[in-house]
Amino acid sequence: MTTGTTTAPTIAVLGTGTIGAPIARNLRRAGFAVTAWNRTDSRAKGLADDDIRVAGTPAEAVADADIVLTVLKDAPAVLEVLDQAGDALAAGSVLIQVSTVGVDGIAQIADAATARSLKLVDAPIQGTKGPAENAQLVILASGAEDVRSTVDPIFDAIGKTTIWVSDAVGDASKLKLVVNTLISATTNGIAESLRFAEALGLDPQLFTRVVGGGPLESAFGAIKTGAILDKDFAPNFTIDNAVKDAELIAAAAADADVWLPVTAGALSRYRAAQEQGHGQYDFAATYLAERPE
């Protein structure tokens, strides 16, 4: 841990997959001491070449950490890893969770953090592989004001923008679901538009000529349109993860008694793509989904 003569905290990064590995590297480049752990050892071992200590267990990873940063698939994964870390988690240390875990999920994580006397910062990230590698993530953060000065340098090292939503843990996760609602609608809208154009016998490139450069154009939309037209579905964010996130949106919407029919349609399309064998493709592969029988 840090001492009176050390300014940079020691950070344990738990989860070094597509997003976690570049986060760990960018933290190390920024001067933080970083220990990393991943459930699949092979996905963490390469980080040793970046002067990152690789631990064999969550408990080993967090043993000397001032800050624990989890980059895991969902709330159950976060809770499981916290249990595995056990008593090695020092009371009073900061826990940053950056995954999309939903409203119920963040409440469960908050309870687990309180039980361990951890200071929780809810900080789901906006961005996929490329932004993570280039430290261009957008961080949506919520948590107590007294930890902001501690975690802001960490967010600056991995992202381009930090939006502090409120001091109420969980508000950032709510905002993440709201933003993901638009992302899902946009991706599925583009996929359906291109499939519709082809079904009508049109060149789908005509779609880009109409949308490109006009008020309907967006950087994100252009990326997903290009991926679909090129049939390039190398994963930045998989269909499997899109199903998970859309289910979290649907659950939160049901609890809030709000009708989201577009999201329901997107979830149906994601599930069809998943069931048809496209789960590990990028979520632009919703374009490939066929009508379920």
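Each residue, glycine too, has its Cβ placed from N, Cα and C.
Residues annotated as active site in TrEMBL: LYS176. The domain '6-phosphogluconate dehydrogenase NADP-binding' annotation in TrEMBL covers 10-164. Look at TrEMBL and you will find 170-286 tagged as domain '3-hydroxyisobutyrate dehydrogenase-like NAD-binding'.
Counting only same-chain residues at least 6 apart in sequence, those with a Cβ under 8 Å from the Cβ of LYS176 (active site) are THR100, PRO124, GLN126, LEU140. In the three-state DSSP classification, the residue listed as 'active site' falls within a helix. The average per-residue pLDDT of the prediction over the domain '6-phosphogluconate dehydrogenase NADP-binding' (10-164) is 97, rounded to a whole number.
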